[in-house]
Amino acid sequence: MEAYRYPQPMASEITPRSYFLSRRTLIAGAAGSMLAVGHTDQTAQAAAGHAGGEAGWPAPEKPTPRNDVTQYNNFYEFGTDKSDPAELSGAFKPLPWSVQVDGMVDNPRTWPLEDLTRQFGQEDRLYRMRCVEAWSMVIPWNGFPLAAVLKAAGPKIGARYVAFTSVFRPSEMPGQRGGLFALKWPYVEGLRLDEAMHPLTLLATGVYGEALPAQNGAPIRLVVPWKYGFKGIKSITRITVTDRQPPTSWNLMAPEEYGFYANVNPAVDHPRWSQGSEQVIGEGSLFRTARKPTQLFNGYAEQVADLYQGMDLRKDF
Ligand code: MTE
């Protein structure tokens, strides 16, 4: 299915696809767009300076082909097969859209999507992504740090977590109309506040330089590259700051298989399969599957390991 487009105030800032071919230009593109939107906040600057390798974050590999990124998806609201989200999302209307930011904050606010992109811009971030099903991709996202939105909201003293809620629209999402396999709807996820404020944590509004296709979580979704993919909740309608650990959809479904933290960890196997290695989507051939070893925190240990000091990651998996 063709990726649709919708008007975005920052369209001129979106880096053309060809930029992703070179790490050096990727970094330049990110820094340029940050300057263009006049961002001065430190998190955003750090993030822009760290779009890839040389500035200290892991050097991104070659992006996964666009076709795999947009045709091989998990989005159970549209069905359980990898091809369902692309094939069965034709009725989904991503616009108009707004995101309610509420809970323990000084400035609760409902943001129209275009105000979010106008205020916070669109950086380019080439991230390794690792699904809990032991496959991986490298995805060129466009978006802004979640931290920027949370800072604008102003978390109150005592706030410790952030809860996220996906859209509930059974008339547009066939997977929400029942069937044999069903998560509880709406899909929900959560992060600890410090994880949510980390400069790597992104709200993505685009991929490969275009507005997110429905199957990738249009029009706005979470991206947390050191955690298993299911933390990356799609089509977000609400972000709630709270003092309680929020429920999460996969944990509610199978608590012994999916924990709250879901940090990528090759030493902690899923009860039904190994997490020691991963299939590299878009590489290999009919005759040979490309596999590589999985890295702790998906290769982002240097950036995020501090967040988990003193924790037993086998218990808090
Ligand atoms: N968000 C919602 N609302 N519904 C889902 O079923 N699936 C998750 C996550 N976010 C899911 C979701 C899972 S299991 C993964 S691996 C990623 O989205 C996949 O994102 P991608 O298709 O863009 O690669």
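Note: Cβ is positioned from N, Cα and C throughout, glycine not excepted.
In the record from TrEMBL, residues Asn73, Tyr76, Glu77, Cys131, Asn216, Arg221, Gly232, Ile233, Lys234 bind Mo-molybdopterin; the candidate from Ser98, Ser166 listed for the same site is Ser166. Taking every pair among Asn73, Tyr76, Glu77, Cys131, Ser166, Asn216, Arg221, Gly232, Ile233, Lys234, the residues recorded as binding Mo-molybdopterin, the greatest CA to CA distance is 19 Å. Of all the Cβ atoms in the protein chains shown, 23 others lie within 10 Å of the Cβ of Arg221 (Mo-molybdopterin binding site). DSSP assigns Glu77 (Mo-molybdopterin binding site) to a helix.
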